[in-house]
Amino acid sequence: MCHIYSHYNDIDPNIHYTYNVFRNREYRAIRVICTNGHYVPNTQIAAPLNVSPVTTASMLGMPMPMKNKYQTISSPVGDIPPDNDVFGENKGKFIDRKLQLYEGWTPLHYKLVIEPTLQTSTNNGSLAIRIQRNANIKSFEPIVLDVNNISISNVRVIRSKNNPDEDEVELEFDSDYGLNNQTFVVVLNKELAKEKNLTLILSMDFVSQITDTLQGVYKTSYANVQTGREEWMISTQFSPIDARRAFPCFDRPDMKANFTISIIRSTRTSMALSNMPVYHSSIHRPGFTKDDFMTTPKMPTYLVAFIVSNLVKSHYSDHDTSAIPRVEIWTRPENKDMTKYAYYLVRKYLDYFEGYFGIENRLPKIDLVSIPDFGFGAMENWGLITFRDAALLVPDDLEKASSSEHMEYVAKIIAHELAHQWFGNLVTPKWWDDLWLKEGFACYMSYMALNFVHPEYEILDNLAIFEFKYSMQHDSDNSSHAIAFEVKSTNDIRRIFDPITYSKGTILVRMLSSIVGYDAFRNATQDFLSSLAYANADRNDLWEFMTKHGHLEKTLPDDMTVKTIMDTWISKPGYPVITVERRDADLIVTQERFMLPSRNISDSSKWIVPITYETDELHKGDNIPTHWLMDNGHELVINDIFTSDNNSENVVYLNLDRRSYYRVNYDMPSWLALKKKFTSLPRVTRAQLMDDALHLAQAEYLTYDIPLTFLLELFTSTDDELLWSAAQKGLEYLIFMLSREPAYETFRAFMKFIVRPAFDRYGLQEPDNESHIQLQHRALVSRLACKFKYDRCFNAAHNKYREWMANPKANFITPNMKPTIYCTALAEGSFQEWYFAYKQYKRTTSASEKEQILSSLGCTTKPWLLSKYLNMTLSSTSGILKQDGTQAFRAVAENPIGFEIAFDFLQTNIKEIAEYYGDGFSTLTSMIKSVTTYMNKDYHKEQLERFKERAQKLGIKSVTTAIELAVEQVNNNIYWRNRSYYSLKGFLEAIVSEFQINIF
């Protein structure tokens, strides 16, 4: 049903509207399409032939001449009370660095018209925001918009009508930029404070910048395969706080509003996309088209998105126009056939999420777009999900085909972004301190959805290893942060996009599901989403729903609440190590914070810990906690868990399926019993014991004889892929620490002895019809075998690579073996092998192939070539995309020959790196972290301190925290080298002697 409205305040906020307005000297008319979430053919309103589009203000029913001047204007308002005296000497001083200070106004609707111009790298735009005074705020605050490098002009403030008989009134005001030009402030006369339900329309023209740092509205290019010409396109990345680079706005997650967007583009570009479908396109002026998009549901600014390009729609898209939501995938022409897998996954995932959440997808369409250069892996913009190529595209042919690891990566990324359409988009965190909530839920639900689509992947078991590894690696230092901490600055906002937020968030959400049980968790999630749809929420809202349903299902004790439990996990950094001691037939359980012992620091942190366990005689069958270790410091006594006479032979293990976030350290009788019956234990428990033992030894809770004994189990457990994965993750630290030490040769011989039977069984050649898990296991075994220079792997890899060099157009190296073969060949090869790989990198159109080669180029052991490679990352002509610079740097930094070269490059080029990559994706932080991997000497700390001083003198203060964290890591490495290295060396030598392992 369609209606015509002549005034803005006629709009029903419960209906989605789209506007198209024309005006001439005689009259004004507004055409409105009511959509209710569905596209409806637009009504027709006659207009003279000489009409022209007008600014957004007149689109909302306000007469306003179109101007093209971009300067700040001020209107006199008479005497401004002293507490609002923000100009003159006090200009900008009232803007507090606490980002949540001003809450006096709430946006209701944005009407945005924007014209990106590549030639000038600017966006010309006009904007009208309907805002409402927050009646809960007693003081009459100014209107404070977030801006970043935006020029504003032609500002007007109109008071909306309260009833049809009133006239709209243009108000007087004063305006100027706030502190550091990061805000634009409009100050009104305080007499307006007396008015109830005050609603205004704030309109303006603006000019913003098109960046080349992959932030805000940015430009990127790609080679058109058909024409050979460079093709440019416009894309956006507004999360977390870069919508303010594109247009003035209330750039906060709790300031949700509706958006009606129009994009003016050159007719040389074939299409524009935004969050909602286009409802009308028209000739704006000769050579330019104006696309008007349907109005969005309420959403925050960070989810706004648009693209202007010549990308094409994939064959694998919905061709049925009645499909809701309509799924379309966009990419470059040569990649159209690489989207079949993505389309299959999207349709499967939508069915799963709509069923699990009990809520249908609320938008009429979902576009998935492959962007040539993209800072994140993907971004969940509502209705317009953007991806880097490697996160969306999966080729089919042998030369370009993806590995099983890449297929799994694509499947997880797509599931993650689709989960956000509910968790994050439909219901949004109130503030960034609860970022973990939306990211943790999306990560956990991506595992659940992938398990639904591909149960054969056994992906939920992998969660217990991979997410724990990434989180605990960052959460074991004294410098870690709480998952929910007070966010006070823009640097804080960017900094929290880290493994603590994502991986720890995933684990805590999974732990919560075990605490209340599957049914209660799902019911609470549905209740949470349906009750708070289109609104904002915080952790306490979720706790209430989880407690309610946990009590209803009788899975949560009546005297406990989810808030009481979970607040102990989110309010402090770190995690516990649970110590288990046998006392006759009883079990004594205590806790302390797990910390790497680089300094003598005491930490009395305690958690409310859910305890699950099994023994030889007791098998529970579910993961709901039976006991609770409280945060009061008291020990937990579990009585009579052993009934047989010989208690020392009985096995007990805690944290079933590793559902909760802690490590377990057993007393020696328990470790020995577990070691004796290791092969009969559950699959996840074996992997958990391997991972815990290696890290407990690193932190001096255990001596290395226990984890080395578990590693010997790999000699016979050649098919246990999860155990091998857990071992590989735990071994990474030993490889880094030992690779430059005398004991490395003994360690290498020990590992070669262990990996040899598995490689002899699997080799590099993949048989047909091998399962996903077997393919990944073969790849891991081969990687370790070649890493430790087992001659059969080493020689086979070189031969495969030479065959490829002899016939470059026929690469028969199977996708899962490429990383191992490429890296092994380049590590020992000449410049000829390296340059061949680089040429293939530039030639291939497969994003996954590019990523594999990119990492392998850092494997060379020639210092001059590593230095050359790093310099190429800052060259726009090298073919190395900006999004991939960090990956290339990491490949060099994690090379034992290359880490000092990488550090020297970082110190020498710190200013150029900061300017080239910008501040949006923590590139410098990532580089600093990766370059400290091998640092374990006192002089390394001194180098880092000098580096920090130089960066600060250059004004690059964002690296300060990263360097302080790096120093903490180096302290840990130094401590380990001084304390644990020699005991490990002794244990290795004893094993090598006992098993008569040949070191050479």
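Each residue, glycine too, has its Cβ placed from N, Cα and C.
What TrEMBL says about this protein:
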type     : residues         : note
DOMAIN   : 107-303          : domain 'Aminopeptidase N-like N-terminal'
DOMAIN   : 341-569          : domain 'Peptidase M1 membrane alanine aminopeptidase'
BINDING  : H416, H420, E439 : Zn(2+) binding site
ACT_SITE : E417             : active site, proton acceptor
SITE     : Y502             : site 'Transition state stabilizer'
DOMAIN   : 652-960          : domain 'ERAP1-like C-terminal'
For the Zn(2+) site built from H416, H420, E439, further residues of that chain with CB within 8 A of the site's CB center:
E380, E417, A419, F423, G424, K438, F441, A442, C443, S446
Inter-residue C-alpha distance, the residue listed as 'active site, proton acceptor' and Y502 (site 'Transition state stabilizer') (nearest angstrom):
13
Sorry to bug you, but what's the C-alpha spacing from E439 (Zn(2+) binding site) to Y502 (site 'Transition state stabilizer'), rounded to the closest Å?
6
Once near-sequence residues are set aside, which residues in the chain of E439 (Zn(2+) binding site), 6 or more away, have Cβ atoms under 8 Å from its Cβ?
G424, T501, Y502, G505
DSSP secondary structure for H420 (Zn(2+) binding site), reduced to helix/strand/coil, please.
helix
Take the Cβ of Y502 (site 'Transition state stabilizer') and count every other Cβ within 10 Å, whichever protein chain it belongs to.
21
Sorted by position, what residues of the same chain at least six away from H416 (Zn(2+) binding site) have a C-beta under 8 A from it?
A378, E380, A442, C443, M445, S446
Give the number of CB atoms, excluding that of E417 (active site, proton acceptor) itself, located within 10 Å of its CB.
27
Considering every residue in the domain 'Aminopeptidase N-like N-terminal' (107-303), what is the mean pLDDT value?
93
Cβ neighbours of H420 (Zn(2+) binding site) where a neighbour is any other Cβ within 10 Å:
25
